[in-house]
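Student: Please find one structure pasted underneath; my questions will follow.
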Amino acid sequence: MARFLRLCTWLLALGSCLLATVQAECSQDCAKCSYRLVRPGDINFLACTLECEGQLPSFKIWETCKDLLQVSRPEFPWDNIDMYKDSSKQDESHLLAKKYGGFMKRYGGFMKKMDELYPMEPEEEANGGEILAKRYGGFMKKDADEGDTLANSSDLLKELLGTGDNRAKDSHQQESTNNDEDMSKRYGGFMRSLKRSPQLEDEAKELQKRYGGFMRRVGRPEWWMDYQKRYGGFLKRFAESLPSDEEGENYSKEVPEIEKRYGGFMRF
């Protein structure tokens, strides 16, 4: 018994749902008929709806309306509204694919989800640029001043890519300047006057990587400084007095006479 009562309740609920859908369809069909006629008063809307629902024994008005719907069905805007929406969506997606290329392949699903979550209202269509700027961060902003949106979008992408290249160039230049500063600190002013080619710079970097701090500039040893302080300019004058290769023969002849005169004092 309990199962039978439960089944009856389910049937009543299902029947009420079907009745509501039938009533909605009947009212919509009768509205289409009255819209199609030149004089909407020729068909009684209430009588047509009741005949469609089966609450009146006569079906004269409903039969007339049904014939009219079958003849002029493609002309009704309600029938074509779904097709129009689908075609408009396809056209929009095709245009976006043309404008932004692979960008829509990568982020198209995200933008479609955003459109489904936040649909644009009719009163917001006039301010479409502001809505797109808020939604997509200004990247998909429409330019209302110029008509060629494709050219504008391509210019925008070129500017974005150009800024990326400029940033990469700036970072590369900054790294090169930092390397130059390090080289100038390490080698003093010796490397400033040299204008090297990129190939020489690469070779210098390889040498630096290979030998590390071995190539750093090293000062004179302490014993050389003490030696220089002790003997002063005597060594310079002695080096200047040494003969060249051309004067070697004459000097070899004069050496015995000097040794006879000064003995072993001039030996070094």
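Residue numbers in this text run from 1 along the chain shown.
Glycine residues also receive a Cβ, built from the backbone N, Cα and C atoms like all the rest.
Here Swiss-Prot flags 1-24 as signal peptide. Swiss-Prot lists C26-C48, C30-C52, C33-C65 with the feature disulfide bond. The region 'Disordered' annotation in Swiss-Prot covers 163-184. Positions annotated as phosphoserine by Swiss-Prot, on the basis of similarity to another entry: S252.
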Student: What same-chain residues, at least 6 away in sequence, bring their CB to under 8 Å of the CB of C26 (disulfide bond)?
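Tutor: Non-local contacts for C26 (disulfide bond): C48, T49, C52, E53.
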Student: Under 8 Å between C-beta atoms and at least six apart in sequence, can you list the same-chain neighbours of C65 (disulfide bond), or say none if there are none?
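Tutor: Set apart from C65 (disulfide bond) by at least 6 residues yet with Cβ under 8 Å, we have D29, C30, C33, I43, C48, C52.
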Student: What number of additional C-beta atoms lies within 10 angstroms of the C-beta atom of C48 (disulfide bond)?
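Tutor: For C48 (disulfide bond), the count of other Cβ atoms within 10 Å is 25.
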Student: Secondary structure at C65 (disulfide bond) (DSSP, helix/strand/coil)?
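Tutor: For C65 (disulfide bond) - judged by DSSP and reduced to three states - the answer is helix.
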